[in-house]
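Undergrad: Copied straight from TrEMBL:
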- CYS208: active site, nucleophile (ACT_SITE)
- VAL20, ASN21, THR22, PRO23, THR24, SER61, THR62, GLU96, CYS208, PHE209, GLN210, LYS211, ARG278: NAD(+) binding site (BINDING)
- 92-96, 151-155, ARG191, 198-205, 270-271, ARG376: substrate binding site (BINDING)
- 264-381: domain 'UDP-glucose/GDP-mannose dehydrogenase C-terminal' (DOMAIN)
Amino acid sequence: FLSNHCDHSTIPTCSLLCQVNTPTKTFGLGKGRAADLKYIEACARRIAQVATGYKIVVEKSTVPVRAAESIQRIFSANTKSDLSFQVLSNPEFLAEGTAISDLKNPDRVLIGGDETPEGQRAIETLSSIYMRWVPQTRIITTNTWSSELSKLAANAFLAQRISSINSISALCEVTGADVEEVAHAIGTDQRIGNRFLKASVAGFGGSCFQKDVLNLVYLCEALNLPEVARYWQQVIEINEYQRRRFAARVVSCLFNTVTDKKIALLGFAFKKDTGDTRESSSIYISKYLMDEGAHLHIYDPKVKKEQILQDLSPSTASAENPKQGLSLVSIASDPYEACDNAHAIVICTEWDIFKELDYERIYQAMLKPAFIFDGRRILDSLHGRLQQLGFQVETIGKRISQRLPFTARTIAQLDLQAPPLKKLKL
């Protein structure tokens with residue numbers, strides 16, 4: 001029996017999945033870094049109120065280490081004579097856009113529980129459910145705390161790889177190296193592998209990576225591990241630096257000003273094949289350029305107009321520029337409309353349709369010199385053709401076009417602690 005209604009836990013079922021949101025706290029102690037466990041607590045209290053008999057409560061949400069202990073304390077304080085619990089940690093490792101296939105064919109299933117006979121029996125019960133479609137060799141069992149930390153560590157390691165290759169992309173741009181070639185060279189080393197070595201303006205976005213790394217930073221600080229906290233904080237800072245560096249490059253190439261210039265921004269989702277904009281690089285790039293007075297014409301095939309306008313709401317605009325706000329934003333119905341009469345194109349999401357556009361038509365409709373900033377390196381095979389058409393091409397981790405006269409040769413050093421809307425100093 002499967003139900004998404006908590007009160008159905010009164011039926012004689014054995015396992016209850018607790019899979020609720022764990023957002024970052026927006027106020028109070030740990031604001032901006034610590035996980036807010038209010039939904040976890042509410043779920044635990046509701047289960048304790050309505051459940052009967054023996055229940056295995058499976059913690060699926062991404063939580064800080066020892067969250068299961070808090071759940072168990074709630075159960076212990078509210079236990080009825082006919083009720084007993086075992087709490088397991090079973091974090092999900094699903095990627096947005098491929099969640100169903102990831103569920104059907106997971107790399108691994110991780111189950112953590114108490115190192116007691118009761119805890120081990122609960123692990124065996126949950127394992128038997130997964131073994132109906134997952135090979136036993138892919139089912140990993142640990143203690144509860146290892147399982148909880150493994151989820152945070154997995155996302156932190158993936159974010160770390162993205163920040164690492166993005167840091168190398170900055171070095172490539174000033175040395176003449178190509179970050180794609182560097183990534184291929186190091187990725188063929190079996191000790192490293194080639195996954196998550198794609199440099200781009202996007203860094204890591206979405207609902208998980210930044211939230212989980214910040215949660216790990218806060219956890220390390222709370223446990224008096226400042227050196228470890230600083231290490232993981234740097235992963236976040238490189239991610240932010242990559243976005244600011246790219247925005248500064250746009251301004252620098254456009255003769256050090258984008259005020260009142262039309263810029264076509266192609267893609268607003270944090271990655272292709274989704275309409276999710278949480279922590280999307282497009283939001284940050286847009287706000288940086290809006291802060292410089294640019295007029296943005298945005299196109300995304302999946303993100304709704306209302307979502308884009310909400311993400312770029314004037315309530316988050318900088319007071320430094322009175323012209324800033326939604327008056328600087330237009331939502332285009334197609335990429336050609338966005339690019340018409342534009343000074344530059346900025347590609348922020350790797351949608352496949354952007355590889356198939358008629359760039360000769362687009363070039364003819366743009367102001368000259370026409371710039372294209374390939375922030376996702378999806379046009380690598382077209383860069384030569386684009387230059388032949390007359391585009392000034394800029395990309396991540398590689399020098400392509402010679403800078404035009406009167407364009408700053410270097411990009412200013414940006415304060416890593418600057419808020420997203422601080423005016424760029426070039």
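Including glycine, each Cβ sits where the backbone N, Cα and C put it.
On this model, are these features tucked inside or out on the surface, and what's nearby?
TA: DSSP gives CYS208 (active site, nucleophile) a coil state; it is part of no helix or strand. Counting only same-chain residues at least 6 apart in sequence, those with a Cβ under 8 Å from the Cβ of CYS208 (active site, nucleophile) are THR62, ASN155.
A simple way to gauge crowding: the CB of GLN210 (NAD(+) binding site) has 21 other CB atoms within 10 angstroms, across all the protein chains here.
Under the DSSP three-state reduction, ASN155 (substrate binding site) is assigned to helix. Counting every protein chain shown, the Cβ of ASN155 (substrate binding site) has 23 other Cβ atoms within 10 Å.
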Undergrad: With GLY205 (substrate binding site) as the reference Cα, tell me which of the binding-site residues THR22, THR24, ARG278 is the closest one.
TA: ARG278
Undergrad: DSSP secondary structure for THR24 (NAD(+) binding site), reduced to helix/strand/coil, please.
TA: strand
Undergrad: Which chain-mates of ALA95 (substrate binding site) that are at least 6 residues away have a CB under 8 A from its CB, listed by sequence?
TA: ASP102
Undergrad: Fewest neighbouring Cβ atoms within 10 Å: which of the binding-site residues VAL20, ALA199?
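TA: Counting other Cβ atoms within 10 Å of each of the binding-site residues VAL20, ALA199 gives the minimum at VAL20.
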Undergrad: Just name the winner among ARG278, ARG376 (the binding-site residues) by count of other CB atoms within 10 A of its CB.
TA: ARG376
Undergrad: Going by C-alpha distance, which of the binding-site residues LEU152, ALA199, ALA202, ARG376 is nearest to THR24 (NAD(+) binding site)?
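TA: Closest by Cα: LEU152.
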